[in-house]
């Protein structure tokens, strides 16, 4: 049992490290960081209990309160993916059971430490109550998450997000199902309680390990995965200049023929729906909202338009930013570059400044001064 726990804790920490190393600062990404942190702390606490606590009743019976936050975190992740402007603060109350169990856990642990023994009645009361709370939260919120994901799939929730929501929720529901079976077995075969408890706990820890691997896999697999085929190195004969020119020309014609209509459809939808303003926009989500295969989008952008996904999206964000700045200048309104950047779809100040300079050759401040100077010169002429 100790080996399963420590492997799970190590995997949670590895997944957490990979997730934090990414540039993605979206709320949904932070929710996964919290979930991985909770799993790591949960398993580390269990390892410490198994390794250093001599009392068998504590080892085998005392539930850890941290499990009560898994379902709510997956539910919040689902909501952030299904609604662009969702504010997680509005759902603060779903963590009340978690905090109540946390207070109870540390209070009872302190009582046992003070009296120098384990009060079995108090332990049973805590275990029975916590089991009901954990079972209910990890049943209700995963089911609700699955329901939302099914309704919003291919509308706001991309295929990769849909997959991770369904699979993690499924792991939690399997855990609840195993708990029900274990209660039946404990009632019918009380003499095998030790074996039953070990199997249930071992399975639960393995499922936590699976959740960590699912999150790690989602964040390691690149969204822009598809690449156009390249020439192999099997033929060492170098083509002539005419061959290269003909091949390039044919390739351009081929791209024009294959992707012109798709490009027009994609670009029109991005502009019309202002999809670029979603700071959480990914290749998968763009595919879901335009009904164009993500691999086709990737090839359209890379092969046909010769630009990356983020360059394409950020060009529209910069253009939108310039429009609202110009309108604010015309109306003599106060201008907040960072606020306008967020409104245009940028997630961070550094990303906005980098792309603005790259696309326009000026910093936002230089651009603003240039526009104001042009306006003043125009006014002076008249």
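Every residue gets a Cβ built from N, Cα and C, even glycine.
Averaged across the domain 'HTH araC/xylS-type' (271-370), the predicted model reaches a pLDDT of 86. Here TrEMBL flags 271-370 as domain 'HTH araC/xylS-type'.
The transmembrane segment annotation in TrEMBL covers 31-50 (among others).
Residues 26-28, 31-32, 34-35, 38-39, 41-42, 45-46, 49, 86, 88, 91, 94-95, 97-98, 101-102, 104-105, 123, 126-127, 130-131, 133-134, 137-142, 144-145, 148-149, 157, 165, 168-169, 172, 280 of the same chain lie 6 or more positions beyond the ends of the transmembrane segment (62-80) yet place their CB under 8 Å from a CB of it. Annotation source TrEMBL lists transmembrane segment at 62-80 (among others).
Annotation comment: TrEMBL describes 92-113 (among others) as transmembrane segment. If you look at the transmembrane segment (92-113), the same-chain residues 6 or more away from its ends with a CB under 8 A from one of its CBs are 58, 64-66, 68-69, 72, 75-76, 119, 122-123, 126, 129-130, 133-134, 136-137, 141.
Annotation comment: TrEMBL describes 125-143 (among others) as transmembrane segment.
Remote same-chain partners of the transmembrane segment (163-187), defined as residues 6 or more beyond its termini with a Cβ less than 8 Å from a stretch Cβ, comprise 70-71, 74, 77-78, 81, 131, 135, 138-139, 142-143, 145-146, 149, 157, 193, 196-197, 199-200, 203-204, 207-208, 210-211, 214-215, 218. Taken from TrEMBL, the feature transmembrane segment applies to 163-187 (among others).
Taken from TrEMBL, the feature transmembrane segment covers 199-216 (among others).
Helix first, then strand, then coil: DSSP counts for the domain 'HTH araC/xylS-type' (271-370) stand at 73 helix, 0 strand, 27 coil.
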